[in-house]
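Q: Got a structure for you, questions after.
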């Protein structure tokens, strides 16, 4: 036994006990005749004291050789601390060291192992094992474990069975790019790593598994944007004999359970909103509803005056910024500059100050009188003291711009509180979305998503208007997950592939096994998948996922710690019948 | 809501309630005026009754069109069954159907969906989704889930943190062959899929995670033997500041917990045995100790008589077969033939019948008298009525042969009971094993395993005798898992790589990150990994793992259901800068 207690365990009740501890030297203060050391492990910090009057000389001498991050084992008596530290759980006591063994020495770490480190991102990634010693990273990994096990136990109690689906599957050109794995035994052939276990979970439904889940790694070979990883983790779920409502209820339950169990937050309301409503009210299919600032459409009250910019616009839309009437001209100009940045792309911004006395002062007073502006205030819900910001133009672009402004302002105003959680379901997503590049419709969710009952016929006439039995879970302005009711009829699935531009042969080669399966008694089914990395980050009050992943990759898809990927042996390539063509 | 109850739920207390059920038509009996249907789902079977006097005619007519495995939804009243079936949980009641909807039709399945199916292995694999509908397969997958969640909760309660380690890592030529994954973004480079998270879990210990576990997929591109899969699942664990004894205790606890929780079996003893002892007593490093038949070494009592075969042998060793004295000459000849098969390879077998009257009759009576044979009986523990089987020759081969015979006889005698569990620890494994092919020593466990204290020096003089801090968990004659105390000192690790034939450059290129990490304060640590597939199969009383895996691959590494691996697009290859050289 290397230790009798961990470094978070000792309390006043242990005083006079002889104990053995082990851990890392967090820091030491050497006063010559006395040395204090903070000894750290996963569980906490205990203060050690080496005192030349009470500690053997050899131990005292050895103690003086220790540096930061040395791994040591000490035995001694727990004593009462002279100056107690009420901020530390072990702050009432310290260990008077009698025996010391240095278990391993340590070079000076390349950055300080403290809550606030001096290490830059790159250095921290290269020495990730040292970064994990820091509380902020360590706690995030422990938090992730808590979320995972809470998910598993909740779903298990609800009758879900975790089934492991295979990682070596078949490449399908649909969707994102696959990572492939050359097969040595099947010459010239490749497996693919799953982008999701989608078809397997549907086959489990055909197989009568009824309620399936899995916390599972998925893979996408995409050009990495910030905060995207080539491998990521999904909470993947599927149920048979369900309608959309059943699924929403089950996973609303899971979300509430997690919030309560893991972050101690009780949800008051869990709204549902159609996609169309979310776009109209927030300009966004994943609105952050921790705060208001809902869109007010102003076409009816702002058009057909003499202001040509608005008259020629497809949409005129505004939001009320709480307390914004007090903004200086300079502050407002900064906002206007902000929306005109290329990343946002607005051509300009009209504003209205709603003065405390009930009067209005706008940037378009030339065209609109007080009565007009009062109608704007009504439409945007602006109160005296608020500022109305108005954008105009093509509908989808303008919505996106105003949505960006809404989020920016909320951040500036401190309305996006990390300890508040506002989930909602966005439902009735469009089945298809237009792809500018290929000039055709793509499945918005995936090709297995079922259109709303009776809408299949619209496919040929108004494909963009077909709504799907598809839904997203949104939390604090982030899409946490999404899913759909699936097609379970071979004919409809086959038609859908047709519609999405698959030839019969392609559909059969890639998804024949699924359509075959549908012929042997497929039940109605549906499900969803949550992104675990994102969910954990949001529950942990953070926006970026990287520190919730033990060993993340950088934006070039590299693990800089182990230096992967790397070239492989010529012999390995030969066995795989492959040649690198560079 | 597709159903108010599942098909395992209805009891006498539900009589007169109107309920809705959904599921698959297991079978139907059509008597013309009355039709009985067994409706099946994951939870059970409920009998439906369609009665022309009480069921609407349209429903009756529709019911007549249903075939096996049709998916239907029915509403009706729960009634008392005339002839109750006490074997079925729902056997007191049946559902008098008022409404019927056929949710999906089904072609005749390629094999019967019954506990005992007429489907051969290949057909069952191709239509795995139908095979999963059968109770024996479905129950095994549910059982696997129960084991997994029990493992997770137990380890979690013991303070272990599940940390997900990456799947896209770096290829290392050491050990089995890696599956590799070409990187598109890092041209000409490859990731490898992990054979185990070994180095990552060690880095987590360096990172202070203290207690880590993960249930994780691992990959090995090996020529597949029966009951081996290219992807398999490990329960992977590691602890810091531990000695071997700590690890054995923790995982002895886990094993006991699983046996109690999952199969209701309480362990009486959990022995530990050194590798040397296991080899001497059972000729095997994974002995099945559900039964005795321990080896008795006979060199001292059987050599130096006139029997040359024994005199020239390195080892003469026997086992007592309970009740074997009654075997006929023919039965004994069959045993002799069995040990002489090429798979076993013995040149012959000597036997001694221990008669009930205390006398002996052997196949070597020419050379040994009754007094000699009494000593053999003593050495093998043979009782009157037993048969002693004796093999001789080179030690390790003879042990392997007698071990095979012991297992065969135990199977014949019904001593390997699937509802009995006898775990044990085999400890003190050799550090190295001699590889005939490459004519050098290899790490028996892996290159990170620590030699026993003070044995490092033996490496240069008697490498084969160096024992490691390595241990295996054995259950019913199967190796369930194994592990070791690791090296945590850079110098020793470096020497070990030297010894195993790595050049400095190779060691640095492949494991430099680990040795670098050891310089920054690596704690003493160790761990183990259990094979989940095997563990679940053994706990489930089975010897083969395949049915405990939802979608297994065949012996050629193919998923015959989805037909993977497969060729990929020329465009995909080009993006990866690869060419197939076939």
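Cβ coordinates are placed from backbone N, Cα and C, and glycine is handled just like the others.
Keep in mind the model is a prediction, meaning the values are calculated, not measured.
Checked TrEMBL, it gives:
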BINDING   A:174, A:220, A:445, A:486  L-aspartate binding site
BINDING   A:220, A:221, A:222, A:229, A:479, A:531, A:532, A:533, A:534  ATP binding site
DOMAIN    A:144-552  domain 'Aminoacyl-transfer RNA synthetases class-II family profile'
REGION    A:198-201  region 'Aspartate'
Q: Across the region 'Aspartate' (A:198-201), what are the DSSP residue counts per state (helix, strand, coil)?
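A: Going by DSSP assignments, the region 'Aspartate' (A:198-201) contains 4 helix, 0 strand, 0 coil.
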Q: For a quick check of understanding: given the listed ATP-binding residues A:220, A:221, A:222, A:229, A:479, A:531, A:532, A:533, A:534, what is the maximum Cα-Cα distance in angstrom, as an integer?
A: 21
Q: Nearest to residue A:534 (ATP binding site) by Cα distance: which of the binding-site residues A:220, A:445, A:486 is it?
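A: Out of the listed candidates, the nearest Cα belongs to A:220.
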Q: Do me a favour and check the Cα-Cα span between residue A:445 (L-aspartate binding site) and residue A:479 (ATP binding site); whole Å is fine.
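A: The Cα atom of residue A:445 (L-aspartate binding site) is 13 Å away from the Cα atom of residue A:479 (ATP binding site).
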Q: Output the one of A:220, A:445, A:486, A:534 that, of all these binding-site residues, has the highest number of other Cβ atoms within 10 Å of its Cβ.
A: A:486
Q: Fill in the CA-CA distance, residue A:486 (L-aspartate binding site) to residue A:479 (ATP binding site), as an integer in Å.
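A: Cα of residue A:486 (L-aspartate binding site) to Cα of residue A:479 (ATP binding site) measures 20 Å after rounding.
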Q: What does DSSP call residue A:445 (L-aspartate binding site) in the simple three-state scheme?
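A: Coil, per DSSP.
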Q: What same-chain residues, at least 6 away in sequence, bring their CB to under 8 Å of the CB of residue A:479 (ATP binding site)?
A: A:285, A:286, A:472, A:473, A:531, A:534
Q: Specify the secondary structure state of residue A:534 (ATP binding site) as given by DSSP, simplified to three classes.
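A: Going by the DSSP assignment, residue A:534 (ATP binding site) falls within a helical segment, counted as helix.
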Q: Under a criterion of Cβ-Cβ distance under 8 Å and sequence separation of at least 6, what residues of the same chain contact residue A:222 (ATP binding site)?
A: A:176, A:177, A:228, A:230
Q: Given the model, what does the mean pLDDT over the region 'Aspartate' (A:198-201) come out as?
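A: Mean pLDDT for the region 'Aspartate' (A:198-201): 96.
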Q: Taking 10 A as the limit, how many CB atoms besides its own sit near the CB of residue A:532 (ATP binding site)?
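A: For residue A:532 (ATP binding site), the count of other Cβ atoms within 10 Å is 26.
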Q: At the level of the C-alpha atoms, what whole-angstrom distance separates residue A:220 (L-aspartate binding site) and residue A:532 (ATP binding site)?
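A: About 15 Å separates the two Cα atoms.
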